[in-house]
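Undergrad: Annotations for this protein, taken from TrEMBL, read as follows:
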type     : residues : note
DOMAIN   : 15-282   : domain 'CN hydrolase'
ACT_SITE : GLU55    : active site, proton acceptor
ACT_SITE : LYS155   : active site, proton donor
ACT_SITE : CYS188   : active site, nucleophile
Amino acid sequence: YVAAVYEHESILSPNPTALVDRRSALELMGKNLDIYEQQAVAAARQGAQIIVFPEDGIHGFNFTRSSIYPYLDFVLHSHSGNWNPCREPYLFNDTEVIQRLSCMALKNKIFLVANLGTKQPCEHTDPHCPPDGRYQFNTNVAFDDDGMLVATYRKHNLYFEYAFDTPPEPDYKHFDTPFAGKFGMFTCFDILFFEPAVNLIRQYNLKQIVYPTAWMNQLPLLSAVEFQQAFATAFNVNILAANIHHPTLGMTGSGIYTPVKSFIYHNMESYGGKLIVAEIPVITTDHETNLEKTPGRVSEKGNEQLPPPFYAEMMYDNFTFVPVWGEKGELQVCANTLCCYLNYRRAVLTDELYALGVFDGLHTVHGTYYVQACALVKCGGLSFSSCGQEVTDATALIDFQLWGNMSTPYIFPLLLTSGITLDFADHMGWKNNHYFMSKNRTSVGLLTAALYGRWYEKD
């Protein structure tokens, strides 16, 4: 099927904490919706059957609970499936944004997914009802090609979004399409958690995901395109990921991903939006991960001088590293219960320092979640203390086999190359209670090769 995602540079309110009236809020949102409209037309012209827009794209960000209020549409979450906002605009007040989106889908005969702020009044008898008598949700809406509202999803894992409430229960939302079956839907930070993302995929055996996001890149392990691709590979799904484009805030990175191929946009240099349109196969069955290659064994000699371990901060976590020296070698490094192993060979020795790092613990900055990671990274400079820094370019071509005795089945294989481009492992999967990934020579210099494990039970 043909899919489209649009990375949008939002027109933002100059002062998001100021209180404005609904008319001014609609005026600002209208400018963003005008751009959406042009992109929906462009995507439909290129044969796209579905288009996805990013999180926060219509209203922007940095609001307070009260300053976002005029930007919120009224949506009853029970309405999806029997309301066509474009054809029935007068059913509810404060649905101008929903109506415009519905009409875009209808006019262009395209399935359309977008993100907006919604409000829902609640009774004080409801124990979850906020003091001001209303819920405010960060919401994705999906419309079919006739403009019918077919699904609404309220973001569950909020990322410091003080304007919004967490829904009382996680939403497991999916919608049906004639061209690719069921699509599941979640938002941004949700991708790092079991609820609802993993549970949704497993419960409904989903193979297609729509994913609006407003992701701030964090190298070396959580760049948007890097993690989006790893998620598609780990769960054997297609992901249509639309991000915001604001390089000054570190936000870029959208794509259409299959488990083995990606069409991405990552651009921290220039401004303006970007439409990606690609044809991808519908995934129907589970493929078993390729397990032909057995990972090499760790050297039994034991009395060889292993390089000294050192500690450095990466992604705000205290990693234990060993330097990757010389043109080839076998290394291991351990922390807590996790041991990581690396066999490597370099085509040419370059003057770049690489290190193999391990972390097995609770990550506590910008969210709390338990990580088990084995990571081969290029360091920022030649000193040990530079390992874990954000690096975007590399020249070293490295053959490697990386494996670890992970305690969780949820492993995201990250493979990032110079210029924030993606590569794919030759082989990966489980062997003898170890998860491994191997690659013969990346096409350009290696930035990060990592097994990023999420141990959800220990969050």
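Using the three backbone atoms N, Cα and C, a Cβ is placed for every residue, glycine included.
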Undergrad: Round to the nearest Å and give the CA-to-CA distance linking CYS188 (active site, nucleophile) with the residue listed as 'active site, proton acceptor'.
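TA: Rounded to a whole number, the Cα-Cα distance is 7 Å.
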Undergrad: Please report the distance from the Cα of GLU55 (active site, proton acceptor) to the Cα of LYS155 (active site, proton donor), rounded to the nearest angstrom.
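TA: Per the Cα atoms, GLU55 (active site, proton acceptor) and LYS155 (active site, proton donor) stand 10 Å apart.
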Undergrad: Let's check the environment of the residue listed as 'active site, proton acceptor': how many other CB atoms sit within 10 Å of its CB?
TA: 27
Undergrad: List, in sequence order, the same-chain residues at least six positions removed whose CB sits under 8 Å from that of LYS155 (active site, proton donor)?
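TA: Once residues fewer than 6 apart are set aside, LYS155 (active site, proton donor) is near GLU55, PHE137, ASN138, THR139, ASN140, GLU161, PHE164, PHE186, THR187, CYS188, PHE189, ASP190.
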